[in-house]
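Trainee: Features from Swiss-Prot:
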BINDING   H54, H56, H110, D127  Zn(2+) 1 binding site
BINDING   D58, H59, D127, H165  Zn(2+) 2 binding site
Amino acid sequence: MRVHAIEAFDDNYIWAIETNDKDKVIIVDPGEAQPVQQWLEQNSKSIETILVTHHHYDHTGGIAELIEQSPCPVIGPENPEIKTLTKTVTEGDELTVGGIQWQVLTTPGHTLDHISFYTPGFLFCGDTLFSGGCGRMFEGTPEQFTQSLLKLRKLPGETRVFCAHEYTQANVNFALKVEPENAVLQSYAEKVRMLREQEQITLPSTLQLELAINPFLRFDQKSVIAAANKHAESVKNSPEDVFYTIRQWKDNA
């Protein structure tokens, strides 16, 4: 399965997924219409279906214009703020879109309505999980966000992670504050630095890599727990408390 990144705004990625029909693509989280329209024209493609992970405008703002130009199904979480949906989905739903079998995972935390789309080898997780980080906790609770991340941790390690923002360099710089002696993280940070110096994309990541370097997936590791306790100057042992401590640390960094 081939996936293409369409850059939008300052740091968003809209994903274009090739389907069994060589002339059509699935578009994930089109926050802006113009970059998608330009990419479609340059590549002689049209949209089969739009997938939406959550209601934030930088993930949905381009939908109305795109479907006005070329009507297509729009699939996403149940939320009245997403007025363009033609089908709502939730945990456990299975879809066939573009000849591809998809599983829907509810992943609240960043927002309450957040979902992710998974097909073997590929995860489209919006703002739940970033390379080296995770989304800000705007609506959910630490318990909800932790459960969402635990759910993603169970996916196969070779799963490629397609998140929605180019935040990797800032994320790994923060991760190094949490685990400065993590050799895998040190190596990855250097790779990311070189890619960004060349204005190259750092995504997709893999779940195996994220499990080795991402403090928001490593909240039960001794080194991350110790860093959280040191930062908070108190004992934080539960996954939820450790996660919340490092999330607040990152928010205020």
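Backbone N, Cα and C atoms are what each Cβ position is placed from, and that goes for glycine too.
Each of these features: where is it, how hidden is it, and who are its neighbours?
Mentor: Neighbours of H110 (Zn(2+) 1 binding site), defined as other CB atoms within 10 A of its CB across all chains, total 25.
Counting only residues at least six positions away in the same chain, the Cβ atoms of A8, F9, N12, G31, E32 sit under 8 Å from the Cβ of D58 (Zn(2+) 2 binding site).
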Trainee: For H110 (Zn(2+) 1 binding site) and H165 (Zn(2+) 2 binding site), what Cα-Cα distance in Å is obtained after rounding to a whole number?
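Mentor: Just about 14 Å between their Cα atoms.
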Trainee: Rounded to the nearest angstrom, how far is the Cα of H165 (Zn(2+) 2 binding site) from the Cα of D127 (Zn(2+) 1 binding site)?
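Mentor: Computed Cα spacing between D127 (Zn(2+) 1 binding site) and H165 (Zn(2+) 2 binding site) is 8 Å.
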Trainee: On the three-state reduction of DSSP, what should I expect for H54 (Zn(2+) 1 binding site)?
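Mentor: Assignment for H54 (Zn(2+) 1 binding site) reads coil.
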Trainee: Show which residues of the chain containing H165 (Zn(2+) 2 binding site), separated from it by at least 6 in sequence, have their CB under 8 Å from its CB.
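Mentor: Residues satisfying the criterion: D11, N12, Y13, D127, F130.
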Trainee: Would you list the other residues of this chain near Zn(2+) 1 - those whose C-beta lies within 8 angstroms of the C-beta centroid of H54, H56, H110, D127 - in sequence order?
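Mentor: Here the nearby residues are T53, H55, H59, T111, H114, G126, T128, G135, F138, A164.
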